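Only one structure is covered here, and it is reproduced in the block below.
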Ligand code: AMP
């Protein structure tokens with residue numbers, strides 16, 4: 001399996017070992033904000049979508065399998081995704097905290113992550129939720145597909161991805177809320193404003 005690079009080493013004094021998730025529908029700006037937060041907090045941003053795309057690009061066995069789901073806007077099977085995240089979180093740079101972008105997306109993945117963290121005596125610190133307007137994100141995704149040529153940013157796939165998100169992932173928000181981890185931020189503001197609001201939300205622990 002090939003991997004995407006984490007952003008920064010932990011280990012300096014004063015480093016806070018944040019273990020975070022960023023959630024929100026496709027096109028909410030999770031990837032953009034995850035990169036900014038990771039830099040500010042000196043933790044790696046780990047995007048399951050990016051790891052899958054890197055594997056698709058390198059035509060690994062994992063990539064060939066993942067692509068058949070991604071191109072249809074469906075989720076890659078939980079067992080495959082969970083194994084991939086388990087090995088990524090075991091890497092050295094994730095020991096001092098991490099920001100997961102795009103995982104967990106199903107209840108099975110939430111349980112798998114709970115098990116991974118409890119095995120090392122760790123727990124999540126917060127779940128950051130980007131609140132956005134669904135019509136606006138469809139427009140953003142169509143534009144991104146045109147600009148970046150992402151093969152799953154076609155209008156038909158986008159609709160399916162949003163449906164799958166609404167069916168399987170949106171219900172998980174209530175679970176994080178019950179656990180007292182959820183921090184909601186308005187994802188329709190400017191990129192800088194959203195970053196500032198996310199960092200402020202983390203201070204309210
Ligand atoms: P993303 O870049 O997060 O929008 O992910 C792009 C695609 O990768 C998704 O539409 C799924 O096909 C796949 N994917 C990413 N993360 C996951 C996950 N946690 N579970 C299952 N499939 C995923």
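Each Cβ is built from the backbone N, Cα and C atoms, and glycine gets one as well.
Of the residues proposed, 42, 150, the one TrEMBL records at the same AMP site as 48, 53, 74, 75, 76, 102, 103, 104, 105, 109, 161 is 150. Going through 92, 94, 189, 196 against TrEMBL, the one listed in the ATP site together with 27, 28, 29, 30, 31, 32, 144 turns out to be 189. Rounded to the nearest whole angstrom, the C-alpha distance between residue 31 (ATP binding site) and residue 150 (AMP binding site) is 14.
The Cβ of residue 29 (ATP binding site) lies under 8 Å from the Cβ of 130, 132, 140, 187, 191, 194, each of these being in the same chain and 6 or more residues away along the sequence. With DSSP states grouped into helix (H, G, I), strand (E, B) and coil, the region 'NMP' (47-76) comes out at 20 helix, 1 strand, 9 coil. A count of other CB atoms within 10 A of each Cβ picks out 27 as the most crowded of the binding-site residues 27, 31.
With respect to ligand 1, the binding-site residues 32, 76, 103, 105, 144 contribute 76, 103, 105 as residues with a C-beta closer than 6 angstroms to one of its atoms, given in sequence order.
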